[in-house]
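Undergrad: Got a structure for you, written out below as structure tokens; questions coming shortly.
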Amino acid sequence: MVLMGPHSALRLLPLKTQAIRFVLLLLLSVLILAVALLVTNARMPDPKVVRPLPDIGFEVFPKVGWLEHLTDVCIFILNFLSLLVVFKLYLLHRQNEGLDELQPFSCCPLIGKIIFGVWDSGRQSGIEKRDAHLIAWIRYFTTYFIVLLFRAIVVVMTSYPATDNHCQNPMKITNPVKNVIMTLVTFGSGSIHCGDLMFSGHTVSITLSLLVQWIYGSMLHWVFRPASVLLVLLSFYSIIASRSHYTDDILVSFYITVTTFLVLRHSPDGAPWQLQLLIGWWPCCVSNEETEDSDRNPTFVAVEVFLPHGDYQCAERISEEKTTVGPACGNFGHW
């Protein structure tokens with residue numbers, strides 16, 4: 001008997017389609033959050049009346065205002081490393097599929113080897129190399145848009161007193177539309193917003209980069225794990241020391257992001273079918289049908305069928321298109 005899941009009758013979207021459409025869904029969640037920030041900025045308690053909340057992190061680490069810029073630098077480096085991991089996973093995928101190595105810098109082999117060289121740590125992570133770059137990308141953006149939507153609700157519900165930073169003298173938003181656009185374009189760094197404390201948006205981005213480098217970066221090189229941990233710790237210190245967020249903002253954000261990312265497990269189908277329903281009806285932004293892909297070679301798939309008398313029959317077939325019937329048992333235990 002073959003177990004049939006609720007998604008077995010659904011046509012799952014190609015990974016490349018998911019990779020593009022979930023980016024657009026993230027932008028939509030940023031737009032919703034930008035509107036929510038207008039509300040939080042207006043509802044924030046008057047700093048002249050309500051002082052910052054007691055915080056052990058503030059008591060342990062002295063205030064160093066300029067460290068707010070160091071936080072941005074750390075986030076930039078972490079994001080760059082995450083992009084590097086995804087690109088190197090793509091090169092590893094190509095090697096695993098038996099495709100030729102990319103050699104765009106034939107005139108300078110050293111540069112070509114550094115940029116387009118294949119990295120493989122040899123670590124047995126239980127994650128297949130095939131399409132790992134697309135799946136990592138999809139997990140990143142699906143987690144990001146879910147957490148930001150949740151944050152848009154949370155920051156509106158309860159207004160916390162401003163921390164001891166520039167929000168003690170908050171700027172007034174004179175042009176809400178412009179502020180929303182600046183939030184969307186700069187992901188918040190170029191817009192006016194105070195009061196969006198519970199929970200930290202900076203920490204969402206930082207934690208996602210940590211997860212990508214811890215889980216997928218370790219498939220490429222051992223250095224990604226210690227490097228990302230050091231950058232994350234430095235980022236958290238900078239956020240607290242610059243008084244950008246309360247310590248609880250960081251702890252709650254870290255927990256929510258990690259939990260969401262781990263729930264959205266690594267799957268050869270990409271995002272869970274429930275999330276694919278959000279983008280499966282779109283008439284634009286890449287086809288809903290799997291097309292012939294030069295990065296794919298025919299593979300043998302073993303299908304185990306339970307017969308009435310307890311015997312087992314194993315059939316092999318060549319498949320150019322992946323379909324999943326029932327739960328993907330091989331994914332249990334993967335990060």
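In case you wondered, yes, glycine gets a Cβ from its N, Cα and C as well.
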Undergrad: Is it true that Swiss-Prot lists R94 and W273 on the same side of the membrane?
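TA: W273 and R94, as annotated in Swiss-Prot, occupy the same side of the membrane (identical topological domain).
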Undergrad: How many Å separate the Cα atoms of H202 (active site) and D249 (active site)?
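TA: Each residue's Cα considered, H202 (active site) and D249 (active site) end up 10 Å apart.
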Undergrad: What stretch of 22-42, 73-93, 180-200, 204-224 shows the most Cβ pairs under 8 Å to the transmembrane segment (99-119)?
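TA: Most contacts with the transmembrane segment (99-119): 73-93.
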Undergrad: Across all chains shown, how many C-beta atoms besides its own are within 10 angstroms of the C-beta of H245 (active site)?
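TA: The Cβ of H245 (active site) has 26 Cβ neighbours within 10 Å.
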Undergrad: Looking only at the topological domain 'Cytoplasmic' (94-98), report the model's average pLDDT.
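TA: The predicted confidence over the topological domain 'Cytoplasmic' (94-98), as a mean pLDDT, is 87.
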Undergrad: Sort out for me which stretch, of 22-42, 73-93, 180-200, 204-224, has the most Cβ pairs below 8 angstroms to the transmembrane segment (140-160).
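TA: By Cβ pairs under 8 Å, 22-42 leads among 22-42, 73-93, 180-200, 204-224.
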